[in-house]
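What TrEMBL records for ASP425 is active site, 4-aspartylphosphate intermediate. Residues or ranges marked as Mg(2+) binding site in TrEMBL: ASP425, THR427, ASP873, ASP877. The ATP binding site feature in TrEMBL is assigned to ASP425, LYS426, THR427, GLU562, PHE609, LYS632, ARG666, THR747, GLY748, ASP749, ARG847, LYS853, ASN876, ASP877. Under the heading domain 'P-type ATPase N-terminal', TrEMBL lists 45-110. Taken from TrEMBL, the feature domain 'P-type ATPase C-terminal' covers 899-1149. Taken from TrEMBL, the feature transmembrane segment covers 85-101, 107-126, 305-326, 357-379, 934-957, 1013-1036, 1051-1070, 1082-1100, 1120-1139.
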Amino acid sequence: MTGRRIRAKVRRSHLYTFACHRSHPPQEDGSQDTQGPGYSRIVCCNQPHVHTQKPNKYCTNYISTTKYNILTFLPKAIFEQFRRVANLYFLLAAVLSLTPVSPFGPLSMIAPLAFVVGLSMAKEALEDWRRFIQDMKVNLRKAGVHKQDGVFGLKPWMKLCVGDIVKVEKDQFFPADLLLLSSSYEDGICYVETMNLDGETNLKVKRALETTLPLDSDPTFREFSATIRCEDPNPSLYTFVGKFEYNGKVYPLDPSQILLRDSKLRNTAYVYGVVIFTGHDSKVMQNATKSPSKRSRIEKQMDKIIYILFNILVFISIISSAGFLVKTKHDLPKWWYLQVPDSKGLFDPGKPLKSGFYHLITALMLYGYLIPISLYVSIEIVKVLQALFINQDIHMYDDETGTPAQARTSNLNEELGQVDTILSDKTGTLTCNQMDFLKCSIAGTAYGTRASDVELAAAKQMVMDLDGQGQSGMGEKSGHDFVDSEIQLETVVTSKDDDDLKPSIKGFSFEDDRLMNGNWLKEPDKDDILLFFRILGVCHTAIPEQNEETGTFTYEAESPDEGAFLVAAREFGFEFCKRTQSSVFVRERYPLFQEPTEREYKVLNLLDFTSKRKRMSVIIRDENDQILLLCKGADSIIFDRLHSDGKMYEEATTKHLNEYGEAGLRTLALAYKKLDEAEYSAWNEEFMKAKTSFGADREANLERVSDMMERDLILVGATAVEDKLQNGVPQCIDKLAQAGLKIWVLTGDKMETAINIGFACSLLRQGMKQICIALKNDELVQDNKKAKEDILMQITKATEMITEEKDPHAAFALIIDGKTLTYALEDDMKHQFLNLAVHCASVICCRVSPRQKALVTRLVKEGTGKITLAIGDGANDVGMIQEADIGVGISGCEGMQAVMASDFAIAEFQFLERLLVVHGHWCYKRIAQMICYFFYKNIAFGLTIFYFEVFAGFSGQSVYDDWYMLLFNVVLTSLPVISLGVFEQDVDSEVCLQFPALYQQGPKNLFFDWPRIFGWMGNGFYTSLIIFFLNIIIYYDQAFRAGGQTADMTAVGTAMMTCVIWAVNCQIALTMCHFTWIQHFLILGSIATWYLFLLIYGEMHYALQVNAYRVLREVLAPAPIYWSSTILVTVVCNIPYLVHISFQRSFNPLDHHVIQEIKYYNKHIEDGRMWRRERSKAREKTKIGFTARVEAKIRQVRGKLQRKYSVMSSSSSVAQQT
C-alpha cells in the first residue's frame, strides 16, 4: 500500500460538533505563547541528527522499569539486605569474629552471613532480570521510520529519536508521542484507542493540520522539513500547547493532533507522524513512578522484634560481663592454676574493666543465637516456594489465553492476606466492554422477559431461604405457594435449557415474542414502536462495516451501548447499513417484515453526547420531507425537557426505569420532536454561527443553542442494557466484600459510564445514596479559592449526612471526578476527603489521570495506615500499582506495562478472589506462625547458654559443642519450620472461599500482634528454664551410668540439646493443623537426624578432642535416665501450650477452630442446614457486592409480599364476618 492513498467514504470528523473542530488558521506572527520556562522544547522534523547533540539533545526512546542496573545492583541490593537489623548485627559479629575475643572461628560467622545475603541478592537479581526481559520485549518492537530520500525502514523502538518521521499501521501501538501529519483518510483523521492510557475503549478521533495533508505517502517526505516549538515533558494526558512552523507560516497545535505512546491505531490503514517526546519524556512514562522497594508489614514488625531481642541480648551480655568482672577481680587471683593474666590480655585481674569489656564483646557473640540468622534465609526459601505454588495454581490459569498467575516478587506474599482496601481500574480490569440489549419500555409497556443476573440471584436466594427456614410468616402451604408465585412475578426466571437452544447474538439478549419477527406490527402502539426502532437505528455516530463473506454488518461505535442499540435495531428489523457525509441508510422490514426496504434519512445536524449534556440528538429529514429531532439520554435530563403533551407515558416509563435499575441494568430514555421548516432554518443559522466561531465561549454558545432545540420533546420509551463484565467479576467483588475488603474504582472514564459499571458489578445498587462531589458551576473552575470552598462545603455536608443517618441498612457511595479530585487531594483538604470516603460503602473516582490514581492510592495507604492493593491492566495504572503496598497487573490484556510494574500478575480480575482469600490467607498465617515459632525456638535454645554461663562463672564457655550450635538452625530444626511455612493450612481452599470472613484474621493481624508475639517469646523463655534446670537437677550429682559415673559437661550438654530438639519439634507438631507425609517425615526426620549425627560424630577423631567420643553409643544411650529425662522434659515443656489451645478451642474458639470441628465430625455432610448457617455467619456485613444487592432486593420483595398478604388477610377476615 506504500505510496497509494486510501480514500475513506466518510469524513467522520464532520459528525463531531463540540470537541473535534478544525484547527485554528495559521498565525503569521506566531502569537501563541510557547516561550519561557515550560515551553522550551524545539523539534526539528525529519532531522533526528540535530537531537543527538546539545543543546537540543533529548532522552532516548529506551524505557526501563527495573529496580537495578549493572552499576546500581551491588550498592542498592547490599543496602536492601543490611536494612534488616539482624543482618546488620551479624555483619558486626562477622567482623569481630576476626579478633581474639570471638568465641567462634571466623568461618562459622562469615559463611552463614554470606550465604544468607548472597541467596537473597540472587533472588532479587532473578526477579529484576525478569523485569528487564519484559522491558526489552517492548524496546525491541519494530516501527517504520523514514531513513532518507523518501525510503522507510524498520527500526527498534529504543533507537527512535526526536524528529524521526514514523509510519504506524493499523492495530499497531504508537512507539513514542507523535504529532499527526497525515493519515489514510483524505481529511487527515485517524481513530485511536487509548485504553492503556485512560481506560476508555471508545475510539478517539485525531486530526492532522490541513497544511500537512499532502504528506500522504513515503516519497513526499524526501524534502520535508519543519520546526515544532512546544511544551516541555509533563504528565498531563489531556493538554498540549505548541506551534508548528512550516513553509514560513505558524500553526497552533492542540491535543487533537497528538498521538500518545502506548495508544493504538484503529480503523485507519496508516498514519504518518513526527516524534516529539521519547522514552521517559513521553506522557505515559511521565505518569509512571520509579519502581519502589517494598517491604511487608510483617517484615517491618519482625525488625522491631529483633530490636527487642537485641536489647535482651545486650542486657544479659551486660549481666554476664558484670559477673565476669567481679570474678576476674576477686576470684581469679586465687585460681593460680589458670595462669592469669593470659598472653592475649583477655583475663587480667589487674585490669578488670578491660577484661570485662572484652567479655562483653564475647558475650554479645555467644548469645547471638537469640537472634536467628537463618530466619531470613528460611523466610526467603518459604516465600519462593509459596510463589511457586501461586504460579502453579490451576484455578488461576486462564485457558483462553494460556496465562497462569505469576508472583513477580515473593517479598509480599503475606501482604496478600492483610489487604484492607482494593483500588481497581475499570476498563479491561472489571469490564470486557460488551453490552447486551435486555429490556425496553415503549409507550408505557414493558418488553423483555429475560431476567438479569441480579433478578436471577434474588429469586434463587429467596427460594433457598423459604426452603431452609419454612414459612413462619405464612404458616400454611397455601402461603408457600402464594409466595413462590409472587417471586415468579417479581423476577421472571428463564429456563437455561431454552437459552441453550437459541443461538447467542453478541450484544442482544432480548426475549419477547411481542416485538420479534414482525409481531410488533400487531401491537396497539405500533406507531410508537416504529419510532422507537428508528431512533435506535438512526440516532448514533457509528460506522457500519460489512463482512464480505457473510454479508452481515458490524458497527464501530463510540460506546458499547451504541453498538448494542444498533444490534437490537437490526434484530427488530431496522438494520443500519450505510452512512455518507449527509445521510444514514436503514434497511427497514416495514410495512412488510418479509420485504426489507432501504430508506434514506438525511442528517442535518448532530448534537453529540458529552458528560455534561448527558444526551445526544440528531436532526434528520425523512423521505416524506419531515424534519425530526431524535434524542436519547439520561432519563432525568430527557424528562426535564418533555413538552406538556409529551408526558403521556412518563409515569409508566419511570416505574419501568426504576425496575430496570433495581435489576442492575443501564438505562436511557428516548424522545423525539417534529420541526417545521421555518423553525429549523432559524435555529440552524444560529447554530452554524456558534459552530464556526472561535474563542473561549465557543463551547458555551454551542451548548446554549443546542439546549434551545432540545426542548418540548415527546417521550417514546426507554432502553435497558446489561453491562457484560469480565467473567466472574460480580462474584469476585461479592466475595471480596464478604471478606471485609473495601473496593474503590479509579477510572479515566466518564462519570456516567463509571456509575453504570458500578451498578453492573454491584458496587452501586438501587436505593444506595449517591454522593457526587463535582464543580457544578463552570465559573468556579476559573476561581481556585471559590472552587475549594465549594468542594469543602460539599464534603462537609456529605459527612454530616452520613453521621446523622439512622437507618442501619442505609448505604452511601462517593463519586468524584478528576477536576474536583485535584482540589480534594490538596494538603488542606485531603484528610476531610479521606474521612468521607472511608465512611462510604463504595468510592468511584472518574476522569482521573494516572498521577491522580497514584496520589489517591498514596492517600489511602498513608491516611488509613492499612494495606492497599492496586489492580490494573494498562500503562495508566502503573503509578497506582507501584504506589500501593501490593500491585497486581492483569496480564491477559494488550500492553504489558501494568504487569511489568506489578508484584503479582493474573489473567483476569476474578482470580483476585483466590489470590487473596486463599493464597493470601494461607501465606499470612504461615509466615506469621513461622516467625513466631522461629523466635520461640531460638529463645528456648539461646537462653540455656546464658543460664550455663551463670553456673560456669561467666567464663564464656558454652555448654554445647560448637557443631551442635552450628547444626541447630541449619539442619536440626530448619526443615520442619520450612514445611510449616509452605504446607500449613488451617482450612482447605474450598472452605476459604465458602467462609470469606476468615480472611479478616489477616487485616486484624490476629496471628502476629504483640500479645501473640510476646506469648511465643514467653513460651520460649519457659521452655529454656525447664530444659536447663530440669536437666541440671537430674544430672547434677546423679550417677546415671552403670559404672556409677556422674555426667560431665559434654553429657549434660548433649542431653540438654536432645531435649531442645524434641521440645521444639513436638511444639511445631502441636502448632500445625494440616499434616501430609511431608510434615511427618521432616519432623520425625529432624529428630532422627540428631541421633544419627551423634552416632557418626561420636566415631570421628575430632570427637576425642572435645571429649565427645561415642557420646551417644557408650555414654547416654545405655542410661535409662537419659531417655526418661528426655520424655519428661519434652512433656513438661509442651503442657502449657497444649492447655492453652485446648482451653481456647473449648471456650473461646476462633472461626477456623469451629470449621475444623465441623469438618472433623463430618457435620458439613450430615447437617447441611448447620453448614449453611455457619456459612451465612462467616460473611462480613457489607453494603456492596452482589449479595448486598440481592438482600436489598429480597427486602423489597418481602415488603411487597407482606403488604399483599396483609391485604388478602384483611379481605378474607371481612368476608368471614359478612
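We count from 1, first residue shown onward.
Any Cβ shown, glycine's included, is placed from N, Cα and C.
Distant neighbours of the transmembrane segment (357-379): 84, 86-87, 89-90, 93, 96-97, 99, 101-104, 109, 112-113, 115-116, 119-120, 302, 306, 309-310, 312-314, 316-318, 320-321, 324-325, 345-346, 927, 930-931, 934-935, 938-939, 941-943, 945-946, 949, 954, 956, 958, 965, 968-970, 974, 977-978, 981; these residues of the same chain sit at least 6 beyond its ends, with a Cβ under 8 Å from one of its Cβ atoms. Among the recorded positions ASP425, ARG666, ARG847, the ones whose Cα is located within 10 Å of the Cα of ASP877 (Mg(2+) binding site) are ASP425. The domain 'P-type ATPase C-terminal' (899-1149) scores a mean pLDDT of 88 in the predicted structure. For ASP425 (active site, 4-aspartylphosphate intermediate) paired with ASN876 (ATP binding site), the C-alpha to C-alpha distance reads 9 Å. Through the fold, the transmembrane segment (305-326) approaches residues 85-86, 89, 352-353, 355-357, 359-360, 363-364, 367-368, 370-371, 931, 935, 939, 943, 946, 949-950, 953-956, 1013 of its own chain, all at least 6 residues removed from its boundaries and within a Cβ separation under 8 Å. Within the chain, the transmembrane segment (1082-1100) has long-range Cβ neighbours (under 8 A, six or more residues past its boundaries) at 963, 967, 971-973, 975-976, 978-979, 1054, 1057-1058, 1061-1062, 1065, 1068-1069, 1108-1114, 1116. A Cα-Cα distance of 24 Å separates ARG666 (ATP binding site) from ASP873 (Mg(2+) binding site). For the domain 'P-type ATPase N-terminal' (45-110), the DSSP-based tally of helix, strand and coil residues reads 31 helix, 1 strand, 34 coil.
Comparing GLY748 (ATP binding site) with ASP873 (Mg(2+) binding site), their Cα atoms are 13 Å apart once rounded.
ARG847 (ATP binding site) sits 17 Å from ASP873 (Mg(2+) binding site), counting Cα to Cα. Looking only at other Cβ atoms within 10 Å, the busiest spot among the binding-site residues ASP873, ASP877 turns out to be ASP877. Counting every protein chain shown, 33 other Cβ atoms lie within 10 Å of the Cβ of ASN876 (ATP binding site). Other Cβ atoms within 10 Å of the Cβ of GLY748 (ATP binding site) number 28 in total over all chains.
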